[in-house]
């Protein structure tokens with residue numbers, strides 16, 4: 001990177017005291033980067049601004065909400081520069097996950113920081129689960145920083161991430177909305193608990209802080225699987241929180257948990273990001289009235305190859321959604337960076353895709369092998385026990401008669417199942433603990449500081465509710481009638497309205513005629529994912545494990561496998577099964 005035209009300095013960027021975004025975008029479109037000192041200076045300026053913001057920010061202006069971007073810079077710029085939104089004065093709220101996986105994460109986060117510095121009160125940057133040291137180390141942002149800049153720049157970014165606020169309360173005439181990256185927590189009951197979080201650190205692996213970044217709304221397919229496996233026994237509409245095993249941390253929040261949170265805090269709906277959907281998705285939790293309680297926004301087109309990106313506009317006249325198709329990035333000439341350096345990210349991206357596919361195939365082969373081994377073990381156990389019964393019959397007819405009354409194979413299965421059930425019961429933790437130990441970590445002084453910051457930003461609250469209106473109506477979000485939809489889709493029936501059937505890049509929701517209703521016709525949650533996709537997402541979306549955690553998991557599983565297969569009455573069969581169980585586990589683990 002010896003070519004000096006590659007580097008843009010603060011002197012080149014700042015015009016009349018603000019960062020010139022047109023100069024910045026033009027420079028990035030030629031493959032250029034910034035001088036490292038310029039990046040550090042920008043980070044330090046924005047860090048001071050973020051330090052003055054509370055964990056929970058209140059806004060009463062019309063707002064444009066962005067979901068995950070993940071370094072998809074060229075698509076992000078297309079959405080950001082869309083003139084459609086210029087006629088609506090608004091605050092831009094970004095829900096996190098700006099970096100990782102995309103090839104242009106540094107360009108994306110630098111652009112966002114310039115926006116924040118230019119308009120501190122009109123740009124809100126929340127923290128996502130990828131704005132952390134552990135995630136960026138695994139999913140690409142660290143490598144990109146080292147390739148384009150240096151380790152000092154990367155560490156400055158990590159420090160900045162610790163200052164990002166966590167949530168927004170959006171006050172509108174149609175209701176109040178709660179915005180965060182992931183969702184709610186069994187530890188969250190009052191908003192004052194959010195103010196007490198010490199956010200200036202790496203996110204923990206559990207607790208309220210973790211759940212705000214990591215939790216997901218419960219899909220019916222996930223609930224059905226767990227119900228059939230006997231892992232839960234609650235009715236769908238009575239489910240609160242269950243372990244989020246797809247992420248290896250946090251929770252799925254169910255219908256009852258969402259309704260309790262909305263009603264107790266007088267919230268209309270939750271708006272969050274964190275999951276790849278086709279633009280914007282509603283979650284009505286299969287309720288008969290179809291009222292959406294949660295919205296998921298995803299603003300990275302082409303993330304899974306086919307999805308569109310979306311933004312959600314919330315204003316006085318309702319909600320509007322706009323969808324954007326994926327565009328392929330094109331650098332302008334002259335390209336400041338040499339061809340070798342330009343091609344390296346693409347080469348590694350192709351290698352990563354190949355490795356992912358190889359891992360998926362390996363998972364499939366291993367699972368098939370494990371299933372076959374278990375079948376063979378079951379057959380051999382059956383034969384061994386039957387042979388033992390025949391020998392016992394020849395030696396002692398009385399013992400054989402007792403064995404005839406109770407099938408030894410069924411008895412063995414029963415003992416293993418009882419032991420497994422007892423083990424799971426003993427290890428089950430209280431998922432409804434509303435007062436997590438994490439909240440006691442922050443001092444009263446920090447809470448007072450957060451409260452003071454919140455009061456400084458306190459908006460003049462608009463009157464949003466009719467005094468004669470019942471409080472339980474706050475979560476009654478009715479879909480529109482046909483005549484209240486935009487003219488571009490007024491010939492379509494409500495049942496036909498889905499993102500898949502709507503045109504790209506067009507406002508599909510909203511009307512000024514009915515101010516107190518949400519106008520919504522979005523996709524329903526995806527159906528159950530296939531085996532390959534599940535394995536891919538399990539590997540790529542779950543929280544990274546440390547070496548010590550891997551060691552603990554290994555030891556616990558070995559002990560469990562040894563215990564499960566060592567209870568056979570026949571000592572010879574017991575030693576064989578123990579050996580087989582350990583080998584099966586090793587295959588499954590790797």
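Residue numbering: from 1, along the chain as shown.
Each Cβ is built from the backbone N, Cα and C atoms, and glycine gets one as well.
According to TrEMBL:
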- 452-467: compositional bias 'Polar residues' (COMPBIAS)
- 558-573: compositional bias 'Basic and acidic residues' (COMPBIAS)
- 574-583: compositional bias 'Low complexity' (COMPBIAS)
- 126-131: domain 'Serine/threonine specific protein phosphatases' (DOMAIN)
- 421-479: region 'Disordered' (REGION)
- 558-590: region 'Disordered' (REGION)
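Along the domain 'Serine/threonine specific protein phosphatases' (126-131), the predicted structure has mean pLDDT 98. Listed as Cβ neighbours of the domain 'Serine/threonine specific protein phosphatases' (126-131) (distance under 8 Å, sequence separation of 6 or more from its ends, same chain) are residues 68, 70, 93-100, 139, 141, 161, 164-168, 179-182, 199, 203, 213-214, 273-274, 543. Secondary structure of the domain 'Serine/threonine specific protein phosphatases' (126-131) per DSSP (helix as H, G, I; strand as E, B; remaining residues coil): 0 helix, 0 strand, 6 coil.
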